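Working notes for the structure below.
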């Protein structure tokens, strides 16, 4: 088949009616499809987006109290970390580039590109997106990703010496389970943003924010600013009272009850 | 950016470990990514696959009793139809081409290509997949899709005169809600295969099979063979006792209870 056809845009951004019941959701999808055409997102990232959409639908597309609790503790961990790093993949760069930079500035934290499907074209495309969104430094691109973490089979193992390798707290969004496990085994605190409370990432992370990155990243910045005004004792109390399994159970229970309610309304 | 990079394969088929907990699911994803590289599947089809994966997970990746009930009634409708048509899109062609042809032969029914993102390259790529899988006739390609059905904004409106336009029963998989509504308004019986019991397609269809097309299409063929041996009275009884809302409620209740159970097991 003629390969020149591959680059043809399939975007329907311009033709989604203003009154379409799923307009917002469709426009987010289109943002990812366009990002794939710019090499920022890979096809597998689109499938991951779809899985997320389903779980987001089940929580009613809102930041719920189980996410609020995780956001508060995540903010405390990030503020108190010696070397906090925000790990960015293609989907996050496509969906919330400016919000990532604003969060990194508020903490402050480093930003590192980390990809399952790593190649230099993608790394640089994502770096470009982040720099255009205001990032002054982007780790994990090219030679900077020269260190490795023990892992099963993906290019996720390649990390920056000043970034994820030496980080004590790592914030991940939309991640694979193998990588989360590897980072936790290295003794790092891992904060995951994952809409699926049943994923290995969710079950393995130190703190799991069951929410859409589109809402969670700006909400996390708000919590960081708020937690900065708390005393060390108040923060300590939040950390001590936190149980990630309870949060995941809360998310699953919420989804279960919502489905039961929707079935009654049918 | 250098467009020659766009056609580079991102397949990880060769490197997924045999013991990976989600190996089957990952290989199905890879089949779709490869189909996108051949123009059969569009990026939005990958997002739809991801949504399906999530709901499939919630039903435990098995054909449940609510799907069995819908499959039986769907088989009766297809056997008794004057002009039954199986409407095929990119994802279905990528996932179950041979199974679609075998189902069409068993009924017998016509096969028609119908695409949201229609262009001649895709139509022909899908026709090729179906012909290689054994289809002798594929409607809805090129000039054959010359008729239109009233619809909102997509190329879905274009149909074949001998196929969907004059069909009394249409089988759809992985469909958009607008189209399902349009076909029902035209007085057709619509059988939908949709893992999301809350979608507009599921709510609008005459019969909704809440199951993965990978399991549902072969299962439907089995039911067709079985229902052929029933008397007209026995078939009539099945049709009379069927309530699609009950089936959808059953699917939602099942998902709800499974989530509640999983939260207890955590």
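The count begins at 1 with the first shown residue.
Every residue, even glycine, has its Cβ placed from backbone N, Cα and C.
All TrEMBL annotations are machine predictions without curation.
What TrEMBL lists as ATP binding site is B:29, B:51, B:194, B:195, B:196, B:200, B:201, B:212, B:213. DSSP assigns residue B:213 (ATP binding site) to a helix in the three-state reduction.
Less than 8 angstroms from a Cβ of chain A: among the binding-site residues B:194, B:201, B:213, that describes none of them. Long-range Cβ proximity for residue B:29 (ATP binding site), meaning a same-chain Cβ under 8 A and a gap of 6 or more residues, is found for B:46, B:49, B:53.
Residues B:29, B:51, B:194, B:195, B:196, B:200, B:201, B:212, B:213, recorded as binding ATP, reach a greatest CA to CA spacing of 25 Å.
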